[in-house]
Amino acid sequence: MKKNDDSKNVAERNPSATLESWKKFKQEQDERRKNPQYKPKVTESKTATTSKKKKQARQSTQQKQSSPPKSKPIRPKLSKEKRRQLSWQVVFIIVFFGTIMGGLIYHVSPKAKIEDVSVTGIKLTAAQDVIDASHLSGKDYVSTTWLHRNRVASTVKQKLPALKQVSLKFNHWNKVEIVVKEHQTVGFFANKNGYQRILSNGYIDNEVLAKPLGNFPVYDGFKSGPELNRIIKLYAKMPNQIQNAISEIKSDPSKTNPYRIHLYMNDGNEVVADSRTVIDRLKYYGNIVAQTKKKGIVDLEVGAYFVPFDEKK
């Protein structure tokens, strides 16, 4: 039985394959004789090569699965933030130096200095007096004047007490307008040289006029100071109808009454009264003068009676 199997195996062998193997073996023997360091080439079958590639692919997949996930790179984000910061720095530099250049160009331009100074709101004060008190001229820079505008206004008020309010207004870049508001005029102070304006704050203007202006009373014989201020406040308390009727208030003290005053009325009559009680007694003036066509003196110092001028003489 065994003999039959061996014969079967021999019959199944490929004679050409055996011959090729023997030729290959013969070539290797010849190469070894010629070159002792010769190493025969080891060839792998296609099946072995495929198995090896599958094994390598399997190992690579396992390594990828076992390795931790890679974190996202933050370098691009940092670069974006740096670019944003750099952009702001560039903008700041451009604005900074642009402002400086613009300021320098404006500083040397004609618009940088004051072109014109005007005054508004005045009634009795001279406009040139206000301009002179401000010390503003075409040599002054607009920027400097604007920064010190409050100080300029304060200086004008100190030099011109007749002004109640002073402010500076800038028009068309380099035109300055001094806006003022005067103290109310309450009368004129009579002296040997002429008439000086009396303001509501009790200040007597230095300007001397040849004659009083407007429908304001003239204060005569009073000393500048508390005495005059008291009479001015007294006049301010009188009714408007009486105020408009008075042309002059004169100090007329007597030996018995240092508070006696003399009022000269626009209708030609006169009033003698005590400055301490004149406000209460002036209400009788209208009824008294209405009872006569003559001109005379209405005495309100003690009582309330009328004395014609012709009878007094």
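The first residue you see is number 1, and the count goes up from there.
A Cβ is built for glycine as well, from the same backbone N, Cα and C atoms used for every other residue.
If you look up TrEMBL, you'll see 1-11 (among others) marked as compositional bias 'Basic and acidic residues'.
As annotated by TrEMBL, compositional bias 'Basic and acidic residues' applies to 21-34 (among others). DSSP states for the compositional bias 'Basic and acidic residues' (21-34), grouped as helix (H, G, I), strand (E, B) and coil, give 14 helix, 0 strand, 0 coil.
Sorting each residue of the domain 'POTRA' (112-183) by its DSSP state yields 26 helix, 24 strand, 22 coil. Residues or ranges marked as domain 'POTRA' in TrEMBL: 112-183.
Residues or ranges marked as region 'Disordered' in TrEMBL: 1-80.
What TrEMBL lists as transmembrane segment is 86-108.
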Within-chain partners of the transmembrane segment (86-108) [C-beta distance under 8 Å, separation at least 6 from its ends]: 141
